[in-house]
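**Student:** Please see the structure below; I have some questions.
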Amino acid sequence: MSDLRETAGVAGQRTFMQTLVVYATPVMISMLILGFASGLPLYMVFQKLSYWLRDAGIDRSTIGFFYFVTLAYTLKWLWAPVVDRVKIPFLSKRLGTRRAWMVTAIAGTVIALGFVATTDPTGASYRRDDTGVRIAQIEAGEYQVLLDSLATAEADPDRDAGAVIGHVIHPVEPVVDETGAQVVELPEDEYRRLLSLVREDEHFEALSVFRTLATLLPIAIAALLLAYSGATLDVAIDAWRIESASNDMQANMAAAYSFGYRIAYMTSGLGLAISEWSNWHVSFLVMAAAMAISAGLVFFMKEPKAGVGRRALEGSFGVKVVNAVWQPFKDFFARLGWWIIPVVALISLYRISDFTMGVMASPLYSDLEFDRAVVGGIQAGPGLAATMFGLFVGGVTALRIGMMRALVIGLVITLVTNGAYAWLAATAQPDESWKLLIAIVGDNLAGGFVTTVFIAYLSSLVDPASAATQYAWVSSFYALFAKFLSGFSGVLADAVGWVVFFVLTAAWTIPAAILLAVVIRFGPAAAKGEHKFAERQTE
């Protein structure tokens with residue numbers, strides 16, 4: 001830690017070169033890698049799984065309910081003291097508590113991603129024929145729904161009947177499988193093509209009849225394991241970050257973490273492109289391999305020395321329980337007083353637009369019939385650049401005009417970029433990728449900006465002496481209300497349609513803006529992140 005402080009210089013007296021060089025230190029590079037490992041599981045379960053489910057003919061309401069598994073990220077504060085205190089047999093002795101929990105949590109994400117890769121939400125089974133072509137085997141009833149929808153499309157003057165007429169004229173006859181059920185066998189590429197052609201037809205939702213509980217339950221279990229493991233990894237990484245750098249370096253650590261997190265987002269976009277070039281199974285296997293590599297890199301990182309937070313847990317068992325669980329919450333409440341009510345409300349509402357919009361963005365791309373490779377390319381290319389620029393601009397803005405004013409700007413650009421998705425839903429055609437580019441780039445730019453300033457605000461509310469537990473609690477609580485509503489986002493989208501849905505998500509910035517104005521105008525220093533904490537001891 002002393003090497004990092006010497007490289008960085010004294011806060012407020014750093015030269016420009018010192019500011020840049022600090023990001024090349026081993027601890028910052030480690031933070032970047034850990035940010036990537038933390039972000040990839042969330043984005044795979046939050047976005048790419050929903051994209052796959054929609055491609056498979058799952059209705060939007062069911063997709064929305066799948067989002068409830070990410071409540072693990074909201075509730076992680078419940079087991080944060082366990083991650084802080086409990087040692088994992090063998091690994092903790094060899095690696096230390098922090099790295100042992102990281103490796104264990106990453107192993108959970110690898111297992112979950114690999115398990116998802118072995119499933120199929122369509123309920124279809126697959127084999128390869130003599131030429132190596134992958135053949136899908138589906139129920140005869142599902143195939144009849146597809147044919148009925150194609151017949152409807154052929155009669156619709158607004159649809160390109162020429163693109164589907166071949167399927168109508170040359171239907172595949174069902175056969176009897178080994179269980180005695182009637183099934184239809186056709187190449188996987190053709191099956192995927194049929195699913196995409198019926199997406200705008202009224203028969204599409206009828207496919208949900210064939211997506212049984214037996215088909216979706218294994219996916220839901222794997223998604224829950226992925227979310228729980230990812231949330232546990234977050235807790236371990238936050239503790240590692242706090243103990244690996246001095247208090248004045250935490251902003252730099254958070255910036256490196258955010259960069260890694262957003263790179264994971266773009267990498268998940270690459271997974272989308274892989275699903276187009278190959279299939280979803282390969283895509284999830286590649287992401288599992290990326291997580292396994294991250295686990296290997298953890299072995300080369302340094303285990304931090306126990307900081308003041310862990311040293312405070314000495315004494316009897318009762319004292320340890322109080323210090324580990326109750327004392328951090330008591331200190332937080334005492335510092336804010338009754339202002340904890342508007343502050344917690346602000347934390348809960350500030351990013352509600354992002355969460356509710358984000359869970360339905362991928363299903364929108366699917367419904368608009370954008371090419372998956374195009375979507376993935378935009379996310380991994382211009383989207384990545386926009387995110388990184390947003391992270392940088394957010395940090396500079398908070399430094400130049402103040403964190404609270406930067407929060408105001410964050411709400412404004414969130415309002416505008418959510419509105420851009422309403423415009424996309426109302427006007428975009430499958431070949432108008434430039435509109436998709438505008439929407440994704442704008443959303444990523446806003447997301448990068450808001451991420452930086454909001455993490456800075458949350459961190460300013462946390463006492464460094466008990467940062468691991470307090471930050472786990474604060475970062476979990478801020479998403480509770482938003483994630484709960486996000487679980488019903490599919491129901492809302494079904495009820496009002498895409499355009500009105502995104503207009504509503506944009507309008508949800510207004511309550512947060514009102515609360516932010518109240519805190520800025522009347523709030524005490526602690527509510528505005530200006531409380532002066534005692535300097536944290538370092539080793």
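Using N, Cα and C of the backbone, Cβ positions are placed for all residues, glycine too.
A TrEMBL annotation is a machine prediction, not a hand-curated record.
If you look up TrEMBL, you'll see 337-539 marked as domain 'Major facilitator superfamily (MFS) profile'. Annotation comment: TrEMBL describes 20-43, 63-79, 100-118, 213-233, 254-274, 280-301, 336-353, 373-399, 406-424, 436-459, 471-492, 498-522 as transmembrane segment.
Describe the structural context of these features.
**Tutor:** Listed as Cβ neighbours of the transmembrane segment (20-43) (distance under 8 Å, sequence separation of 6 or more from its ends, same chain) are residues 1, 3-4, 7-8, 70, 73, 102, 106, 109, 112-113, 226-227, 229-230, 233-234, 237, 240-241, 244-245, 249, 252-253, 256-265, 267-268, 287, 290-291, 294-295, 297-298, 301-302.
A Cβ distance under 8 Å defines the sequence-distant neighbours of the transmembrane segment (213-233), meaning residues of its chain 6+ beyond its ends; these are 37-38, 41-42, 44-45, 49, 53, 58, 62, 66, 69-73, 75-76, 79, 83, 101-102, 104-109, 111-113, 115-116, 119-123.
Here the transmembrane segment (254-274) has long-range neighbours at 23, 28-29, 31-40, 42-44, 47-48, 51, 237, 241, 282-284, 286-287, 290, 372-373, 375-380, 383-384, 387-388, 391, 395, 444, 447-448, 451-452, 455-456, 459, meaning same-chain residues at least 6 beyond its ends whose C-beta is under 8 angstroms from one of its own.
Residues of the same chain lying 6 or more positions beyond the ends of the transmembrane segment (280-301) and with a Cβ under 8 Å from any Cβ of it are 26, 30, 33-34, 36-37, 40-41, 44, 48, 52, 55, 95, 99, 102-103, 106-107, 109-110, 113-114, 116-118, 120, 267-268, 271-272, 274.
Counting same-chain residues at least six beyond the ends of the transmembrane segment (373-399), those with a Cβ under 8 angstroms from any Cβ of the stretch are 251, 255, 258-259, 262-263, 265-277, 365, 406, 409-410, 433, 436-437, 440-442, 444-453, 456.
Counting only same-chain residues 6+ beyond the ends of the transmembrane segment (436-459), those with a CB under 8 A from a CB of the stretch are 250-251, 254-255, 258, 261-262, 347, 350-351, 354, 357, 361, 365, 368, 370, 374-375, 378-379, 382-384, 386-395, 397-398, 403-404, 406-407, 409-410, 413-414, 416-418, 420-421, 423-424, 428, 471, 474-475, 478, 529.
With a cut-off of 8 Å between Cβ atoms, the residues of this chain six or more beyond the transmembrane segment (471-492) that come close are 59-65, 67-68, 70-71, 73-77, 80, 234-235, 238, 242, 328-329, 332, 344, 347-352, 354-356, 358-360, 363, 458-459, 461-462, 501, 504.
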**Student:** Using a Cβ cut-off of under 8 Å, list the residues of the same chain at least 6 residues beyond the transmembrane segment (100-118) that approach it.
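**Tutor:** Distant contacts of the transmembrane segment (100-118): 34, 37, 40-41, 44, 49, 83, 87-88, 91-92, 94, 218-219, 222-223, 225-226, 228-230, 232-233, 235-237, 240, 280-285, 287-288, 291-292, 294-295, 298-299.
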**Student:** In the same chain, which residue numbers or ranges, 6 or more beyond the ends of the transmembrane segment (498-522), come under 8 angstroms Cβ to Cβ?
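**Tutor:** Result: 339, 342-343, 345-346, 349-350, 352-353, 356-357, 360, 364, 367, 404, 407-408, 411-412, 414-416, 418-419, 421-422, 424-426, 489, 492, 528.
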